[in-house]
Amino acid sequence: MPSIRRTLSPAFHGRSTQNGAAGFSSSPSNKLLHKHFPSSASSTLLNLVYRRGWRRSFCRCLFFFLIGLLFGITPFGQMDTDIRPKDFASPDLRPPHVHLQSDDPIFSYVALGVNTQLEQHNEVTDSIEPLKQLIVVTPTHNRGFQVYFLNRLGQVLRLVKPPLVWIVVEEETVSLETAQILRKTGVMYRHVVSTRNSSDVKDRGVHQRNAALEHIERHKLDGIVFFADDDNVYTLELFESLRTTSRFGTWPVAMLEQSKNKAIVEGPVCNASRVIGWHTNEKSKRLRRFHVDMSGFAFSSTILWDPKRWGRPCSNPIRQLDTVKEGFQETTFIEQVVEDESQMEGIPPGCSKVMNWHLHLDTGNVVYPKGWLLEKNLEVILSIK
């Protein structure tokens, strides 16, 4: 078999044998080196030549890399370097345009349905008007059934559609009991205090109502003002009917006589919404100009703070008078608001329905636990055997 002899590397040629003789010293090149240079000098020269070999290879690789890089960046053809904004625009994903003709029955049917729906929506939107705000004024004071009265009235007002503000007026100072009751009703309220002394006035509610009127005038509250005493009984329909008032509205009120054995009706007699007369059963009150109960009328609050709107001749504040006889507070107050029945509106049309009752309940001398809280258990009358 043929044999292959590997040529030893130059580095191996410089190695010594174990007996100190130089390997391959018999070659002519080695002999020439040994002739002109000593043994140590020839070994250093061979190592220097070997080390220069990898540098030559590196220089070759660097040279060809630079040549390739030069060819890569050299333009051999025409390139479009004009970048336009539309090149980055998103693709148009809209559906293709379809040409519809107005005489197409399907097109006409769809268009008719859309137009009908839009017309109905516009009619409903135009017919919806914001509700007028109700300003309910209630004078109150501490007595046996105050908690019952305020809770009963508060639960009725809670069922009335907003907007509504309940102005509750107390004497001299705000009581904690009343404030707790008002917070629990869930009705938007304003707790007002009357600083006037009402001890010398038989109807203590006069100064309290005047304090509420002053509050409305100062803050320019816009709405329908209604005096609702806490001991009266009201239907929900009454409060909803108040919003139909333009300037001054009135209605009949059922009242229980002082003897508690007879009920009477007092208020306007109407032809539709026009007031044509008055009905009363008390002869002593026939001298009044307007025969109506304090809870039997309502009026626009703008009459208090915008007299020019209603053509009032003077700008004096409208207040209830505490110098007139009992039973005449209503008529003297109404005379400041309207001139005659032509400026009134009967509620409801025809004034044929009673919607609130004045019961005249006297609870001033009733003994009751403070705050209706029992500090100790009741006495056992009947024990369980």
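Note: Cβ is positioned from N, Cα and C throughout, glycine not excepted.
Given the structure is predicted, the values throughout are model-derived calculations rather than measurements.
The feature region 'Disordered' is assigned by TrEMBL to 1-27.
The compositional bias 'Polar residues' annotation in TrEMBL covers 15-27.
If you look up TrEMBL, you'll see 58-77 marked as transmembrane segment.
According to TrEMBL, the feature Mn(2+) binding site maps to Asp231. Within 10 Å of the C-beta of Asp231 (Mn(2+) binding site) there are 20 other C-beta atoms, taking all protein chains into account.
Using a 10 Å Cβ-Cβ cutoff, Glu266 (site 'Interaction with galactose moiety of substrate glycoprotein') registers 19 neighbours. According to TrEMBL, the feature site 'Interaction with galactose moiety of substrate glycoprotein' maps to Glu266.
Counting only same-chain residues six or more apart in sequence, the Cβ atoms lying under 8 angstroms from the Cβ of Glu330 (active site, proton donor/acceptor) belong to Arg288, Phe290, Val292, Asp293, Met294, Gly296, Phe297. Annotation comment: TrEMBL describes Glu330 as active site, proton donor/acceptor.
Taking CA atoms as the reference points, Asp231 (Mn(2+) binding site) and Glu266 (site 'Interaction with galactose moiety of substrate glycoprotein') are 18 Å apart.
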